[in-house]
């Protein structure tokens, strides 16, 4: 029922207060939950300490953030921006990936990831894909393709993990 323009009466401290609900004159554009959480993943990626690929991940259940992660060195170890990249087969192996860090945060704090969605600014690598599946993630929303592994894509499909590619807004 539309109550716009109708007075509301309330009693406070023995006085009757009258308020009127007035309709808003501006239209508010709210972005979708997917775009919102993907933008947060981009913001989380700014904490990354490996500039080769600054990646952020946000784990979400029922529109609530349960963990975030970014790629960086093991706690207490030197970061790439301090010690340089430790390269093997074209990959920096000094870092833990953003998706893994988010899953680890949930495990360390006793938070279930079953049925969650991960928002990540780059398509997950094969190892992260396997970890996401094993953690019970049911949806992957990502912004950019990056070395998308065909086997990883197959695994996601076989395990009924929905994959959504959304371009990030400028």
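Yeah, the Cβs are placed from backbone N, Cα and C, and that goes for glycine too.
Per TrEMBL, these features apply:
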- 99: active site, proton donor (ACT_SITE)
- 97, 125, 128: Zn(2+) binding site (BINDING)
- 32-164: domain 'CMP/dCMP-type deaminase' (DOMAIN)
Among the recorded positions listed here (99, 125, 128), identify the one with the smallest other-Cβ count within 10 Å.
125
Other CB atoms, at most 10 A from the CB of residue 97 (Zn(2+) binding site):
23
Over the domain 'CMP/dCMP-type deaminase' (32-164), work out the mean pLDDT and round it to an integer.
96
Calculate the distance in Å between the alpha carbons (Cα) of the residue listed as 'active site, proton donor' and residue 128 (Zn(2+) binding site), and round it to a whole number.
6
